[in-house]
Amino acid sequence: MRKIEENIFKVLMILSTIMISSTLFMILYTIFSKGIGSLSWDMVSKIPEGGFYIGKGGGILNAIVGSIYITIGSTLLGLLISLPIVIYINVYAKRNATLASITRLSYDILFGIPSIVYGAFGFAIMVYMGLKTSLLAGIITVTLMIIPILVRAIDEVVRVVPEDMSNAVFALGGTRYETAKIILRQSIPGIITAILLSFGRAIGDAACVLFTAGFTDSIPTSLDQPAATLPLSIFFQLSSPIQEVQNRAYAAAVILTIIVLIINIVAKIASKNLSKNKI
Amino acid sequence: MKNIRLLKDQFISKIFLVLTLLSISTVVLIALGLFYKSIPILNSTSLYNLLFSSEWKPFKEAFGFYPFIVGTLWVTAIAIIIALPLSMLTAIYLSEYAHIRVRKLVLPLIELLSGIPPVLYGVWGVLVIIPLIQDKIAPHFVEFTTGYSVLAGGIVLAIMIFPLIISIVIEVFDNVPQDLRNASLSLGATQWQTVKKVVLRKSFDGIVAAVVLAISRAFGETIAVLMVCGNLAQVPHSLFDSAYPLPALIANNYGEMMSIPMYDSALMFAALLLFAIIFLFNAVSRIILYRIEKRNN
């Protein structure tokens, strides 16, 4: 009897494991098989031409470039803010454990806040400051969303740097700032993984930029112009009733999938290879 | 004279402290910002009416969020009902039964699943789940459906929360001391009995925390749900009815909201509502998870 129950559950467990791990391949297969046919060089090299949304020529270069601008901008800005925070709670706030745990708790919570809320908040700020939908507003909002990702991921690697190392720096007469530099150097592989993670999130997010970055058919040339993004471009084209436009949405989905897959795989390899040289 | 290096150190210490405090206060700022924007609607409509009235006529300034709240609850509930058993079984398998090699093969796949952008889940839902419901599942139960339904939303959300539940539950299982398992096994219990009576019991609160986190993730998911739920402002009565979850409502109306009085305030109130619920859920489950981690160190 005990054996039968055990075996039934074992079969169920294996089945659900197979099912869950195969969903990834199902999703990839569907998107690739549907979109690869409409993928063309024009898609990635041209901006929308007149009548693009009723099936005429052009591509989605505007969305690709817009997404890359927003992603790079927000990741850089996010790093500028999250590195000091991680250093502070790990090096400076050693004696003030309460502040460190409050910080960690608030970032865990902020991590769970959905991007639509960040989007709405960003929009509220924008209206308050009299800004229009723009590249800058998009970057700021996405930065708010990815700071928790960066802080949590970097904190995780900085925390496991052996205490002996910072003690050694202190013993040589180093200040806390100098210690922090040594610790950061030690955590570079983890930091790179964190950057790539936030990259992936930032490029795939739609709800944040919907309110704040707007959408446009041209490539933004300054921070106060609106910017198109890849997820929104997929979303808008898919809601069109015209078949060709829908097909292009699938092709755009293939492009986004490839970008996200590359980012994730590079992140995996980076964290594996770079950590070889660690002490 | 003080050493220049020490001065630099202290200077940086102050700046970093300010930066840390400022950035923690984003939580408060978001709440305040959204609250500030929803004051007009809170002044003109009672909270009870906002939450429990079904009348949604923005032009007449009637904002009853009931259909949207119920829609959100439906898709979230369906997602959890689908995702919880499957992810629990997978987590138990990977943590207690599977060979380390299987675990090393499967976990990265699941991690990758969590890296896929929501909009792609939406595309997949439109291409696969909607036709599946419309042609294969629904005809057995109802006469007509477009396929754009709470069930479609629930299925897509379920897949999106698999990785979250699995990764947290596996972590919780890893925190159960091996000695407890050994003690149970040495008393002659089978592995399944050990899982049931020792591992699961010991990690009950951690599992609760994982589920609460998953609920709040499903609650706030926007684009994917927007694409597959049908977006009709009605209270769904069956799995095959369309619904209009709160996040979808916010995302879909950002364009019009500035031109209708009170509309933007109403949508900001919806965002505040989402924020409040998700904040609470996240805080509770994170504190539970901290406790578990502390207990074992």
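Any Cβ shown, glycine's included, is placed from N, Cα and C.
The transmembrane segment annotation in TrEMBL covers B:12-36 (among others). Listed as Cβ neighbours of the transmembrane segment (B:12-36) (distance under 8 Å, sequence separation of 6 or more from its ends, same chain) are residues 268-269, 271-272, 275-276, 279.
For B:65-94 (among others), the entry in TrEMBL reads transmembrane segment.
If you look up TrEMBL, you'll see B:69-285 marked as domain 'ABC transmembrane type-1'.
The feature transmembrane segment is assigned by TrEMBL to B:106-130 (among others).
As annotated by TrEMBL, transmembrane segment applies to B:150-173 (among others).
Within the same chain, residues 56, 67-68, 71-72, 75-76, 79-80, 83-84, 88, 118-119, 121-123, 125-126, 129-130, 146, 148-150, 152-153, 156-157, 160-161, 164-165, 168-169, 171-172, 175, 200, 241-245, 247-252, 274, 277-278, 281-282, 284-286, 288-289, 292 sit at least 6 positions outside the transmembrane segment (B:206-233) and bring their C-beta atoms closer than 8 Å to a C-beta of that stretch. Annotation comment: TrEMBL describes B:206-233 (among others) as transmembrane segment.
Only residues 6 or more beyond the boundaries of the transmembrane segment (B:266-289), in the same chain, are considered here, and those with a CB under 8 A from a CB of the stretch are 27, 30-31, 34-35, 37-38, 41-42, 50, 58, 63, 65, 68-69, 168, 172, 205-206, 208-210, 212-213, 215-216, 219-220, 246-247, 249-250, 253-254, 257. Residues or ranges marked as transmembrane segment by TrEMBL: B:266-289 (among others).
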